[in-house]
Amino acid sequence: MEILMTVSRIASICTMGANASALEKEIGPEQFPVNEHYFGLVNFGNTCYCNSVLQALYFCRPFREKVLAYKSQPRKKENLLTCLSDLFHSIATQKKKVGVIPPKKFITRLRKENELFDNYMQQDAHEFLNYLLNTIADILQEERKQEKQNGRIPNGNIDNENNNSAPDPTWVHEIFQGTLTNETRCLTCETISSKDEDFLDLSVDVEQNTSITHCLRGFSNTETLCSEYKYYCEECRSKQEAHKRMKVKKLPMILALHLKRFKYMDQLHRYTKLSYRVVFPLELRLFNTSGDATNPDRMYDLVAVVVHCGSGPNRGHYIAIVKSHDFWLLFDDDIVEKIDAQAIEEFYGLTSDISKNSESGYILFYQSRD
């Protein structure tokens, strides 16, 4: 058995090497970006959900730069961020341009910190992204709090930290955080009240044969509050009919859009995949911003897509397609391939309403030009 496993492993390594060599030849020495590395990640038993998100984040340059900068800070005790910075540093400092790296340390730490991921089952890539970004933000805020208490940050207002005031934003917030404003207009007195809500990613509903722009328009549709759902107006001091809508008040540097492709079907007693065809453009301008938006005309470029392959949330596979400099790459665990920009259309989804196996965009990463 051991001999068979060894032979299988050697064959796998040979395949990885051949793939890496082919990629390097296809890009060519003159076109290969300076100081760039394209490394696949070994799958440790259904960890494609993790590998695909890590590759997408690695090619979100502002995020990569912050993680690598964290590596150069004084050594801290091991946590998910130190493991991530070690992994990114390992990729960025390889002598070879292409190859494969095992993210074993990161996966081990992830499984130790969250029981949701402590198994060999397929997990949801969006849940992992959400957990990772929030965990990194928590780590950075806790470290900042400790530095203030130890007097390493001048004018650190420790009292503020202890009075339940909002902690200082971290570079995770600077990169990914946007703000939504929930506007409610009373139809009796016309008074508008608004409530702000921060987000690190936006989850949008999907419909058949539509586009991301259409999905975002649906996200901001006006809803009428009436009957038993009437709104309590402070001005009228009674429940009134009202119009409610969500708008974007502050756009993030990197906009992460999650397409809600998994829907619970009562008759099946399980989640099924909506393989609907949803077109996502290479360039995006958001239109559903509030009147006092800080940057209403921000233009975005698509830099990465996490793709779900399969028919349901707990089965199937995840891959990532990323833009690096002027070309596109497909990362499928340890395999890395160069693809044409036109090939991205293959990941829009299917025109059939039937739940089938499909390769469809699940999380989109758009980076602001300014």
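Placement of Cβ uses the backbone N, Cα and C atoms for every residue, glycine included.
Under DSSP, CYS48 (active site, nucleophile) is assigned to a helix (H, G or I) in the three-state scheme. Under the heading active site, nucleophile, Swiss-Prot lists CYS48.
Residues annotated as active site, proton acceptor in Swiss-Prot, with sequence analysis given as evidence: HIS317. Cβ contacts within 10 Å of HIS317 (active site, proton acceptor), excluding its own Cβ and spanning all protein chains shown: 18.
Cβ contacts within 10 Å of CYS236 (Zn(2+) binding site), excluding its own Cβ and spanning all protein chains shown: 13. According to Swiss-Prot, the feature Zn(2+) binding site maps to CYS186, CYS189, CYS233, CYS236, an assignment based on similarity to another entry.
The annotation compositional bias 'Low complexity' is assigned in Swiss-Prot to 155-164.
Under the heading domain 'USP', Swiss-Prot lists 39-369.
Per Swiss-Prot, region 'Disordered' is recorded for 145-167.
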Within 10 Å of each Cβ, count the other Cβ atoms, then let me know which of the recorded positions CYS48, CYS186, CYS189, CYS233 comes out lowest.
CYS189
Restricting the comparison to the recorded positions CYS189, CYS233, CYS236, HIS317, which residue's C-alpha is spatially nearest the C-alpha of CYS48 (active site, nucleophile)?
HIS317
So around the Zn(2+) site, CYS186, CYS189, CYS233, CYS236 aside, which residues have their CB within 8 A of the centroid of those CB atoms?
LEU187, THR188, GLU190, THR191, GLU234, GLU235, SER238, GLN240, ALA242
Work out the three-state DSSP category of CYS186 (Zn(2+) binding site).
strand
